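Engineer: Pulled from Swiss-Prot, these are the listed features:
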type	residues	note
ACT_SITE	Asp299	active site, proton donor
BINDING	Asp36	[4Fe-4S] cluster binding site
BINDING	Gly434, Met435	substrate binding site
Amino acid sequence: MKIAYWMYAGPAHIGTLRVASSFKNVHAIMHAPLGDDYFNVMRSMLERERDFTPVTASIVDRHVLARGSQEKVVENITRKDKEERPDLIVLTPTCTSSILQEDLQNFVDRAAMTSQSDVILADVNHYRVNELQAADRTLEQVVRYYLDKAHRQENLNQPITEVPSVNIIGMFTLGFHNQHDCRELKRLFQDLGIKVNEVIPEGGSVENLRNLPKAWLNIVPYREVGLMTALYLEKEFGMPYVATTPMGIVDTAKFIREIQHHINKWAPILLGKVVDYEEYIDQQTRFVSQAAWFSRSIDCQNLTGKKAVVFGDTTHAAAMTKILAREMGVYVVCAGTYCKHDAEWFKDQVQGFCDEVLITDDHTEVGDMIARVEPAAIFGSQMERHIGKRLDIPCGVISAPVHIQNFPLGYRPFLGYEGTNQIADLVYNSFTLGMEDHLLEIFGGHDTKEVITKSLSTDSDLTWDPESQAELSKIPGFVRGKIKRNTEKFARQNGMSKITVEIMYAAKEALNA
């Protein structure tokens, strides 16, 4: 355990609550002290939804510590059962309340005797897993619970649908553009003549989980959440799954071809023909997606060789690295992820597309790396946006965790062919246009702008005299930071504490030599 003012992935109970609050008519009870109950506020602030967050905190206070939690937890479960009439109540402790080592499964069993709702305890180790791993595990646990229940009630043996159909697994609350991506995937499947059987957990009903085996295959757009469920369904029901993320022209085509491959196993029997989506891929790539011709335009060629850094969750960071390097000719200096548990897959995906791979959940390491490589643009999470502002480097947000501006009201998917257009816009608009800053300074656009330096350190042991500062301000903005850093580096190496114009020229000569 460590103290941090920023975490890329939150504690395990946040993942469990995200899954529970994504389903319709499911209530979560969080057994936690005050301070751990911020999920309601966070979700209400960020998600553009009208409904209240269905999460109740069962507070661990001094009375609970003195008498034990059973009475209070059982009372909260039965009260919510009577008030809300949910289909399912999920009880989760937090990492703090786990210290009490209470038998919460016993509390759940007690409450289930008097409740009309189903009651389960989230089966998550709060010290071993983070938010994303816990969400993946909880979703699989809920699906397994309801399919086992349907099996016991003998209403599970349903034939697969007559037309090709899919389940979309892993769309959930507070995800990065998840709702827009879901709409785009539904539109894509409609174009291909594929029926969407169920979408879980976002907007899904636990009572409909027994319908999951009716689909021909499962779609897992994001590796972080949904993979465990897809593996369970494959093992128990023989359902194939596609885990390729349809992000970018190349991977969207690969995604559609994988679906075609799986559908054609059943199509000759059930449809009397095989399906062929090649014409659709060609049509979308050449005429619907603007990204293919944009990547050949002079605007995109201006980006060729520009340096970029990519950091985020494994799904988005890997996909973005491949799009930049393969489809846009951008030079990715470093690609990284905070999902340390999936590091091997990430390294395998970005191999050959970037110079350096960074696997860390420490934002200071990411900041230091960005300051060191000095990219022209960053593609990352909310934290990389902050780092970019401090270093005066533009940043495009491509991954959770994000703030309110990345829960847009307008339609902005990142998946599918419309997603390729959004990504092309994001990439192009993230790079500072050549002489823009310099021209603004020349014509008085930024007359109050200070001379900036790209460094994460706020302390400097060097002073610049007025003449050298005036000389520095004459240098164009897009190279000024580099010259300032090189001069300061030269001064430190030679034991100088005050920088003059002469030292600036000496540093320039030393660098050229």
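Any Cβ shown, glycine's included, is placed from N, Cα and C.
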Engineer: Go through Asp36, Asp299, the listed recorded positions, and name the one with the sparsest Cβ surroundings, counting other Cβ atoms within 10 Å.
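Structural biologist: Looking at the recorded positions Asp36, Asp299, the Cβ with the fewest others within 10 Å is that of Asp299.
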Engineer: Distance between Asp299 (active site, proton donor) and the residue listed as '[4Fe-4S] cluster binding site' at the Cα atoms, whole Å?
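Structural biologist: Spelling it out, the Cα of Asp299 (active site, proton donor) and the Cα of the residue listed as '[4Fe-4S] cluster binding site' are 48 Å apart.
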Engineer: Per DSSP, to which secondary structure element type does Asp36 ([4Fe-4S] cluster binding site) belong, with helix, strand and coil as the options?
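Structural biologist: Looking at the DSSP assignment, Asp36 ([4Fe-4S] cluster binding site) belongs to neither helix nor strand, so coil.
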